[in-house]
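Peer 1: Reproduced below are the annotations present in TrEMBL:
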type	residues	note
DOMAIN	17-271	domain 'NADP-dependent oxidoreductase'
ACT_SITE	TYR51	active site, proton donor
SITE	LYS76	site 'Lowers pKa of active site Tyr'
BINDING	HIS109	substrate binding site
Amino acid sequence: MAVSSIKLNNGVLMPEVGLGTWKAHEQGTLRETVKAALGMGYRHIDCAKIYDNQREIGAALKEAGVPRKDLFITSKIFDNRHRPELVAGALDEILDELQLEYLDLLLVHWPFAVRPDYSHGDYTAKDLDDVPIMDTWRAMEVLIGTGKVRAIGVSNFNRSILQRMLPQCRVRPAVNQIEVHPYNPEHELVGYCQANDIAVTGYCPLGGGQVDVLGDSTIQRIAAAHGCSPAQVLISWQVARGIVVIPKSNNVSRLKQNLQTVTLTLDEMQAIGQITTRQRKVDPSHATPELRWVFHEDEAKCPLI
């Protein structure tokens, strides 16, 4: 099944629906999931160093036999590699794990840094590292000329950060990957990014955990009207907004459904947009109050640009 693409600000094409791999740690299962997804038409795989599963994904990519030019592989440098002298090496580590010569998109995973010796677990204030975002970004810009990455972008960056960052960029971010679903629609941030030629990728598009978007009565009603799954409604809503989505599943039937979008009416789009529940699945300030500025820019500003 062919998947439509959007064109990034540097001309690179990015498939609108991809496979998310966050918290996909099932040894052996993940490899088969990735191969199954590729077999049914997925070409966009979203990865990250901190997900700690890139070697298995790399093995799956190799075994699947899909030509590299037909794939779109995203990964993200982690917060402990923000110091500019560490950025190029972080990319090399990712390429080694994925068994690839280049990435289609490399993102800065979060707009804050932690010490290079940090590995896993919740952050504390002592783990944070004073690295200005632009120091990291300028090192990212250099990577474009190496042939090891086709596009660069950011993740979890709020509007305040982008407004201060963009005038200083030699290479504008191609993508901002953020949590987006009807309980966290990010209307203003999505609008700002798209108005400034920054594509938006929505992670956790189906919610998950305590964020029960799939069970929302509006979503359920629209799914019944179309004879489709609630997940298909959520994915279709995002795609209609021009947002790239990266749902995760290791269920073959749901993988297939997630590729099959439906055409929502204007009334249905508006009904979803008017859902008033507000809930976020991911927020680092739950463990580290010093990071409240990341998603609460009205209360505090990013200290280092």
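Note that the numbers count up from 1, one per residue, in the order the chain is shown.
The backbone N, Cα and C atoms fix where each Cβ goes, glycine too.
TrEMBL annotations: computationally assigned, not manually curated.
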Peer 1: Let me make sure I understand the structure: which of the recorded positions listed (LYS76, HIS109) has the fewest other Cβ atoms within 10 A of its Cβ?
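Peer 2: Looking at the recorded positions LYS76, HIS109, the Cβ with the fewest others within 10 Å is that of HIS109.
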Peer 1: Whole-number Å only: compute the distance from the Cα of LYS76 (site 'Lowers pKa of active site Tyr') to the Cα of the residue listed as 'substrate binding site'.
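Peer 2: Distance between the two Cα atoms comes out at 5 Å.
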Peer 1: Give me the Cα-Cα distance between the residue listed as 'substrate binding site' and the residue listed as 'active site, proton donor', rounded to a whole Å.
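Peer 2: Given the Cα positions, the residue listed as 'substrate binding site' is 11 Å from the residue listed as 'active site, proton donor'.
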